[in-house]
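Quick notes on the structure that follows.
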Amino acid sequence: MFSSGSLTTLPGSFDSFKTTSVFPVRFFNFHQTTEIISLATDAHDGVLYLMDGNSRSLYKMENFNVWLNDTSQSISLVHEGISKTSCKLAFDWLTKNIYWTDEFYNWIAVQSTTSEDRSMFKILIENGLTKPLAIAVDPVEGYMFWSDHTKTSGKIERASLAGQDRTVIVTGTAWVPDMTVDTASKNIFWIDIQRHTVESCDYFGNNRRVIRRSKFPTISMSGIAIYKGLVCVTEYHSYLVTCLDKNTGDNLWMRYFRAKTPWAISVFDKKTQKLIDHGCGTLQCEHMCANTPSGAKCICKSGFKLAGNQKDCEADNHLYPKGLFISNETSICMLDIRVITSLSHAPKCIKTGLGSVRHLAVATDEYHAVFYIDDLDHELVMLDIITNVTTKLAKVGNVTGIVYDWVDKNVYWSESDSNSIKVISLVSSAANVLYKGQAAPSHLSICPYHSKLFWISGNQGSRRIVSGTFDGKTLETLVSAVNLTNPTGLYYSPTSHRLYWISAGVIHSSKIDGSDMKMHFPVHSDTELFVYKDYAISSRGGRELHSSFLGAKRVDLAVELDGFGSITGFSIYDPILQKKTKGPCDVSNGGCEHICVPHGQKKFCMCGFGYLLDKEGLNCSSISFTNDFLLAADFTHKRIYQIKTDSVQVTAVDVQDNFFPTRAIVHQRSKEIFWSDYATRQIRRVTIQGREPTVIYRGGVFTTFGMAIDYSTGLLYFTASVSGPNATSYIGVVDPYSGKYKHVIKDLSAAYEVALHPDKGIMFWTDNGNSPYIGSASMDGTKQVVLVESIRQASGMTIDYKDNRIYWTDGVQDVVEYCDFNGEGRVKLFEDDQSHLSNLVVSGDVLYYTAINRQKITKVNKNTGVEINWMDDSFEFGRLESVDIFPKTEQPINLRCAENNGGCSTFCLAIPNGYKCACEDGISLLSDGKTCYGEGRDVLGKDPGTLQSGALNDRKDASTALIGPIVGGIVAAILVIVAVLVTIFFYLRKRRQPPYSEQIDTPNIHFANDQGVTNPACVDIKNSPT
């Protein structure tokens, strides 16, 4: 359910926000269909700029003030035809230009806000962009910054405000939806929702640091703003706006919006928009001007280029620089490409009075041509779109498809009457038959980079997708008839390097070899298809074009061409789609295994953190350590790291599988690595080199977490939990080599960690239910007792075999404590405020721990709690969920189980002063007390189903969800706001309000209420007065 777009202003100073629960609040409601996705302010001229996702347009609210009481306030259109996505705005208050990113068009655009001409717009940067999201500008320094993302990595780039002098300043980001600049310190700040961080660096990418990392992995930040010493963030899933100290990351202020979704945030204050003298004031540019580090530069709008004096602009094309060519029976016309995102305008017709036009293809190179079929005279014709002159190229039969090869300058077409594919060269005018005997070939498409043609071949009911090489020698069936139903609309996308087609009324796609087939969304009776950037454009030959984002579930927009007649052909015109050569990283990631970085027409490969580049400079590998190392699970980056305890050198365990480790431990004898996987709910095992991955337990609906090995027998104990209204948990034991398993303790609430002392026959566990505690029991699950209470969240636990202690972390109170094995002698060792403590391990007299909001593993004296200088912060680390060490203090074993498994046929479980034999679940133990008989479960584990009631029933709470760094209740925000500022928020989507609790990033936050003055006006942003 979507909320209506609304605006909230908080006039006043930040100090007053902190000290009072009631302060001035102003509300302004737009039309209920409005979806504000970004905003920018011009404090000097009293203007607020808003991006509306629903109308796909940019508006400005003039005569704006923070009290929202100016009766002359008005809203007018600035630009239309923007993607309905997370576009972001950035305003240059010196030149009054506004910049934005477009994630689906994959470009950065700029528009003058002072001109009445709405076409005063230019696509400033497009080459090399994949998914640009965040954008920020510093008009004084002349820089702009933006984030860009691929499927596997992200980066932040910098350029001048004229779009020149591009350089990558930050790599290793994940998904950065918003950023802002601190013009005072010359730093940029950004939110990364996949790294769960607020981060910063200077304008050159140096001094990068994590300001704060959220303890909740499902954090959903959308907006960020900076003011003096504060950085403020919106967290829309939790209805929160939070302000942090920009240096320490400490939470200073938080506001909870009941039933509203804060999405965008900005500051309205003249002091933040410094005015200076600059060259644009005197340069007298005809169209637009940008202040750059090297001085003022003129910019021409799209379709124009700078004249020789570098001030005036002259027409570069009498048509649109990017567009759709469409035809009816007698005319060929062009539409601006932004018509697919609701730009309304009439087509420009370049040729009328033709005979019978069928099928279109375009050349954006030196030929500047549209190719079409004259169905009356059966001719292939080339129309020069500059001179408007037509040239007859060849006689043709019943043409069913036409394409242009912009690399070799050839035109190909398919004929159903001759069952052939033909070609003509524009260079030599030579023509030839390339393929014969193709049953009813149609919907021809082309990939010049791989010298391949694609078409649909076969009669009704047996149609298949075929590829053929340019030399006419190699034919290959890519998609067989059994996988197709009435296929049409075949198209190769140069952007995604995939084939798209319509089958059974639904868009499908695959790689160009036919692999990796995907289903997209239905287009019903449409038969023609093109893909432009992230959009699908389809038609059934009537008066409509249909468009939608490829990730959508249905057609999103219909473009009606009233009075145009039936569409007989259409094609996309965009020079960027017909580059003679692809960029060095565009195809197969440039051959790089991890990261490909373009440098002109060359490239170089980089490796992820913990990997080394091989001699060929393409592939990445790691060198495993065999002694004296820590093992850490990085949930954010899906990695397990080894860290040398002496040199602090880091290497990644080279696991090839896609995984989400929440806990990782190292076997003290075999040096194998075991980890619990959050995504698959499995426990897995690999060698220390990352080889031979093996699943040793499947949790079903239960998520596995803590693990501990009994070195008497090699058995692995673990915890597993399921959250939700029927939350429950258990502790199990599994043989990691046979897969046999057993539930040891059932019916817990939220078991999280487990630790073992086989010599004493006892185990310890943490339970993070409604009343968190540490419990102990015999290792067969009997004699359960509550050992320690008065804990907020027991995030980690470990045993000190040397001094007979158990240590634990409290992730809410941020303390490390210990006690003896009886729960006595409890000592608070130290506190690490706002760190969100996670896991820990003891070795000798040293304790190592991880914390969600610390970018390192910290080393302390286990007796005094004093930190030992060892590791510096590293932004390369993500959420370090666990830490283990090799070698560690030797575990005292149970000697009777260690000898011949105690004579037990399956499990030998240690108990105080002895042991017990046990069987898998569902198998009976014979009267000899050692031998198991009966049929067991799947040795790799199944969904345990409904668990029987067991011990500690008073601790069970069916409504308790698992509480911890990975599974949480309320998802909290990390944000920041300002002092002496005015902050403006927008609300987008209304979601079901979660229960509100203390489970916020940091406790002891002052929460303000929602009392204020409401503006009852409801304004239709699309029909408001100008």
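Glycine is treated like the rest: Cβ placed from N, Cα and C.
Per TrEMBL, the features are:
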DOMAIN    279-314  domain 'EGF-like'
DOMAIN    584-621  domain 'EGF-like'
DOMAIN    896-933  domain 'EGF-like'
REPEAT    96-141  repeat 'LDL-receptor class B'
REPEAT    671-713  repeat 'LDL-receptor class B'
REPEAT    761-803  repeat 'LDL-receptor class B'
REPEAT    804-846  repeat 'LDL-receptor class B'
TRANSMEM  962-988  transmembrane segment
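Residues 213, 215, 249-251, 630, 663, 753, 755, 757, 760, 762, 764, 766, 774, 776, 787-788, 791-798, 852-854, 858-863, 865-866, 868, 879-885, 887-889, 964-965, 1001-1003 of the same chain, all 6+ positions outside the repeat 'LDL-receptor class B' (804-846), place their C-beta atoms under 8 angstroms from a C-beta of that stretch. Non-local neighbours of the domain 'EGF-like' (279-314) in the same chain are 92, 94-95, 97, 110, 112, 117, 119-124, 139-143, 160-165, 320-322; each lies 6+ residues outside the stretch with a CB under 8 Å from one of its CB atoms. Same-chain residues lying 6+ beyond the ends of the domain 'EGF-like' (896-933) with a Cβ under 8 Å from its Cβ atoms: 710, 712-713, 715, 733, 735, 740-744, 758-762, 778-780, 782-783, 944. Mapped onto DSSP classes, the repeat 'LDL-receptor class B' (761-803) shows 0 helix, 23 strand, 20 coil.
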